[in-house]
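Here is what Swiss-Prot records for this protein:
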BINDING   Glu39, Ile40, Arg41, Arg73, Arg196, Gln219  3-dehydroquinate binding site
ACT_SITE  His132  active site, proton donor/acceptor
ACT_SITE  Lys159  active site, schiff-base intermediate with substrate
Amino acid sequence: MLKIGTFDLEERPAIVAAISNEPLQQCKTAAEHGADILEIRFDLLGITTSKEAANLLRMLKGTTSLPCIATNRLQSQGGNWEGTEENRIALLEDIMHLTDAVDIELETDEQLRDRIVKKAKEESKTTIISSHDFERTPDKETLKSILDHSHDAGADIAKLAVMPENMQDVLNLLEVTLEVDDVCTISMGKLGKHTRIIAPLYGSKLTYASVSDAVAPGQLKVEDLKKAMEMME
């Protein structure tokens, strides 16, 4: 069974709201607008210590029942973390017991990535291993290889976000989504914007949305994504 917290991803895909500023207000708004899960973007919130991160998660747990994904994104993968890699990883390890899932990049140093995967397994937390390409969409075999590599590295969910150069790139990603289990796939930007609505129909377990400003190219707002997905049911 694949879950994040109490949310059963085998019953239906989840709308994940990316929390990037004013966390208490954004979490409240996300819940009101139909989000299923919250992604707490420590790197965008300017949180740099384990104590700050833990305090925030405790506050959020006191105000919402939605499950949380802890993310502390590398700059090279679209994030804003400015500290050392050791501190980035240590923060995620230290707050693991307070979250429901953790997102770690496939491109992270293997030993550091393995530390997060090991800790998540010990704490019975869901592990998302993610990869982002903001320039292009690789060929289908490479897309599958990246997802397989993430699963081999210990991912419960392999997340892949790529930038299409044409509609064939978008179709290729959707076809791979249909073929590989337990994935989250996103075709970014204007060309791929619709995949945030339809990729779940092909097997994507998660689809990400914003509460205010988009944190990734082509990201829709929670309420708009919720309405669109309900139309597809």
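Each Cβ is built from the backbone N, Cα and C atoms, and glycine gets one as well.
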Worksheet entry | Neighbour tally for His132 (active site, proton donor/acceptor), based on other Cβ positions within 10 Å of its Cβ | 22
Worksheet item: Within 10 Å of the Cβ of Glu39 (3-dehydroquinate binding site), how many other Cβ atoms can be counted across all chains shown?
Response: 24
Item to complete: Kindly assign Gln219 (3-dehydroquinate binding site) to one of the three DSSP-derived states: helix, strand or coil.
Response: coil
Worksheet item: So, in DSSP terms, is Ile40 (3-dehydroquinate binding site) helix, strand, or coil?
Response: strand
Response to the item:
Students should find that the Cα atoms of Arg196 (3-dehydroquinate binding site) and the residue listed as 'active site, schiff-base intermediate with substrate' sit apart, in Å rounded to an integer, by 13
Worksheet item: Under 8 Å Cβ-Cβ from Arg73 (3-dehydroquinate binding site), six or more apart in the same chain: what's there?
Response: Arg41, Asp43, Leu44, Gly79, Asn80, Trp81, Asp103, Glu105
Practice prompt. Using C-alpha positions only, work out which of the recorded positions Glu39, Ile40, Lys159, Gln219 is nearest to His132 (active site, proton donor/acceptor).
Written response: Lys159
Practice prompt. Compute the C-alpha separation of Glu39 (3-dehydroquinate binding site) from the residue listed as 'active site, schiff-base intermediate with substrate', stating it in Å without decimals.
Written response: 14
